[in-house]
Each structure stands twice: as structure tokens, then as C-alpha cells.
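Asks: Let me give you the structure first, and then I'll get to my questions.
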Amino acid sequence: MKVTLSVLKADIGSVGGHTLPSRKVLAKVEEVVREEVGRLLLDAYVFHIGDDIVLLLSHTRGVRNQEVHALAWKAFREGTEVARAEGLYGAGQDLLKDAFTGNLHGLGPQVAEMEFTERPAEPFMVLAADKTEPGAFNLPLYLAFADPMYSSGLLLSPELRPGFRFRIMDLAQTERDSYIELDAPERLYDIATLLRDSHRFAIESIWSRKHGEQAAVVSTTRLRNIAGRYVGKDDPVAIVRTQKIFPATEEFGPVFALAPYVAGDTRGSHHMPLMPVRANTPASTFFCVPMVCGLAFSLREGRLSEPVDLFADPVWEAVRAKVVEKAQEMRRQGFYGPAMLPMEELEYTGIAERLKALEREFS
């Protein structure tokens, strides 16, 4: 059976600042989506990460389907109206256009979609991040799909040994989407050359070279390229298929336990570690530490199993404690050096404007 998974995410308002959506907003979004299960949709699941609401939709309409995207737009718009009625902060923040134009690409919400023929057992993960950048998944996915130090299946499984093809997007290209495809392990150094710069380059998708099957897809939208100004971080979502011809689910744990430094945090202008958290966790009041959650599902004839929260077991409490130490050390450095993003990546323009004013005082 050919199935499409669509993951769509947006910040449409939150309680007391950038924390979490209200119960009423979540309920309205889920109500709109649930009305279409059994009609337009095969199944659906709604959750949040920080103040971002995430929709997981299963259907047979293919990627970029107008009806599916219109449903997500309707859910986010109606949720926004509830947020406005409640006086929530940033109501409708990620909805950058007034009207739906056929699909959600370019309208603000993050979108990751994948169409594939369902295997007899089809395990997959949904990853969702908040308070960070599109390239935040670069290192974890690189290590899981290309580094046998972290993904032992690359050595142990004949299905994985031929490696994976990485499709990488140049986020600096604003006129059109610009991609390059590189094969691991042969082009490993070239892949690393690009992915090290998570501000400019981001993984868009990953493919099995032996089977030609898509393994992963990641959203790559930059909100400021749409709005022309800072309107929030470009936190990614991803769909990752696991097991058999792909890395095992548990091989994705150690790569996220690294908690790499990424762009984001308060005002989207700092480097901080990416903390693995449970789904439905509010954004941290400790400078909005960048966060990622992961839910694993099994899929059968387009129907979703109940999810398992990948970052909820006791091991992750120890990981989070170390992430907090990394975050505290970086924040102790305040505005100085690598603690704050370079000028071209700062989401707020205050420093650039101040520098222009100061230029007149130089002699």
C-alpha cells in the first residue's frame, strides 16, 4: 500500500510568552484535523514541542496535496482565532500569508512529507524541534546514516553497507531551491564540509543507495526568507524511517545525546545545545534552550499505532543534566564570541543598527 506521511508544524500562539499552546488552542486544532480522519485522512496525531503545534497526517494523496495542506492551514487558522480570543502571545506568528495558495510551502509552517510503499512492518519516527534552525538535525542525521562509530549497522548489516545518498539544500539561495546530492561513504568529506555550516546548509532528505527507498525528509523553510524580517526561529520537523534497510531506532539515541550546539535560543540569536525532551514539553525559561522531541510509531495500512516517546526513559534524565551544564557555561559568556551568533545570522537587527550609528563617531 502506498502511503503519504505529512508533518506540519506552526507556532500560532502561546501562554505567557514563548512557552506552550493553551489547551483550548490544541483542542481546536485537533478537532479540525479529526473531522477528516476516515475521509481525507487515514489517521492523524497532534502534539506540541515548546510553543509549536505539530500535525502528523497519514493519507494516500501524495506530497504537496492541496486538500491535505488546506486542512492543515484551516486547523492552524482556527487555532489562531482561539489564541487571539485568549490573548495569547504571538497568535498566528508562523502564518505569514493571509490566504491559502495551494500548499503550505512558502506560507510559514514547517512541512516534511514522504510517500512510500508500506513495508509489512513500517516503523518510523517524527522529530520536531523548537527554538532552533533548519540545520539543527545535520549532525545527528549525519552520524546516524554515515558514521559507523554511532551507527553500527553500517558495519553489521549488508542492507546498510552500501551507504546513503544525502540531498542537501543551500539555504542562502532565496530565489529558488538549490540542492546537491552526495553519496556516503565516498563523498563523506564533502558532506561534512557542507553540514558543518548548519546556518547555511541543511539536509533535505536521505535515501538508501541499495534499495532506492527514502529514509528521511527534513523541513528546510527559513521564515525570514519569506517574511523579510525576524518572525521566529525556523525549527525543523523530520520523518525518519527505521529498521531493516535503515538504521535501527535505537541508533538514533546516541546521536541526539551529543546535544550539539545549534543556533537559536532567546531571540533566535545565540548558540546553545540541542536538548532532547519529552513531547509536549513547554519551552524552557532558561533562555529558551533549543529542544527536540521524538515520537516513534508503527504504521499498518496507513493507521498509526500509539506513539512511544523516544526521549522519555530514565537514561535521558542524565543526558539532560549534562545538556544543562553545557547551556549554563555558554550563557555565562553572555554576548561575547561564539555565545552569540555572527552578525549575518542575528535574527534581531538591533546590533546592526547600532553599529551603523556608531560608524559616524569613528574618526
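Note: Cβ is positioned from N, Cα and C throughout, glycine not excepted.
Heads up, here are the entries from Swiss-Prot:
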ACT_SITE  Asp11  active site, proton acceptor
ACT_SITE  Tyr230  active site, proton donor/acceptor
ACT_SITE  Lys233  active site, schiff-base intermediate with DHAP
BINDING   Asp11, His18, Asp51, Gln93  Mg(2+) 1 binding site
BINDING   His18, Tyr89, Gly102, Asn103, Lys131, Gln243, Lys244, Arg267, Tyr348  beta-D-fructose 1,6-bisphosphate binding site
BINDING   His18, Lys131, Arg267  dihydroxyacetone phosphate binding site
BINDING   Asp51, Asp52, Asp130, Asp235  Mg(2+) 2 binding site
BINDING   Lys233, Asp234, Asp235  Mg(2+) 3 binding site
BINDING   Asp234  Mg(2+) 4 binding site
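In terms of burial and nearby residues, how do these features look in this structure?
Replies: When secondary structure is read from DSSP and collapsed to three states, Asp11 (active site, proton acceptor) falls in the coil class.
DSSP assigns Gln93 (Mg(2+) 1 binding site) to coil, not to a helix or a strand.
Every protein chain considered, the tally of other Cβ atoms within 10 Å of the Cβ of Gly102 (beta-D-fructose 1,6-bisphosphate binding site) stands at 12.
Around the Cβ of His18 (Mg(2+) 1 binding site), a 10 Å sphere holds 24 further Cβ atoms from the protein chains shown.
DSSP gives Asp235 (Mg(2+) 2 binding site) a coil state; it is part of no helix or strand. Listed in sequence order, Lys9, Ile49, Gly50, Asp52, Gln110, Ala128, Ala129, Asp130, Lys131, Thr132, Glu133, Ala136, Gly264 are the same-chain residues at least 6 apart in sequence whose CB falls under 8 Å from the CB of Asp235 (Mg(2+) 2 binding site).
There are 27 other CB atoms within 10 A of the CB of Asp234 (Mg(2+) 3 binding site), with all protein chains counted.
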Asks: What whole-number Å value do you get for the CA-CA distance of Asp234 (Mg(2+) 3 binding site) and Asp11 (active site, proton acceptor)?
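Replies: Rounded to the nearest whole number, the Cα-Cα distance is 10 Å.
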Asks: Around the Cβ of Lys244 (beta-D-fructose 1,6-bisphosphate binding site), how many other Cβ atoms lie within 10 Å? Please give the count over every shown protein chain.
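Replies: Excluding its own Cβ, Lys244 (beta-D-fructose 1,6-bisphosphate binding site) sees 18 Cβ atoms within 10 Å.
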Asks: State the Cα to Cα distance, in Å, between Arg267 (dihydroxyacetone phosphate binding site) and His18 (Mg(2+) 1 binding site), rounded to an integer.
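Replies: With distance taken Cα to Cα, His18 (Mg(2+) 1 binding site) is 10 Å from Arg267 (dihydroxyacetone phosphate binding site).
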Asks: Could you say whether, by DSSP, Asp52 (Mg(2+) 2 binding site) belongs to a helix, a strand or a coil region?
Replies: strand
Asks: Return the member of Asp11, Gly102, Lys244 nearest to Gln93 (Mg(2+) 1 binding site) in space, with distance defined Cα to Cα and candidates limited to these recorded positions.
Replies: Asp11
Asks: List nothing but the one residue from Lys131, Arg267 whose Cβ has the fewest other Cβ atoms within 10 Å; the candidates are the binding-site residues.
Replies: Arg267
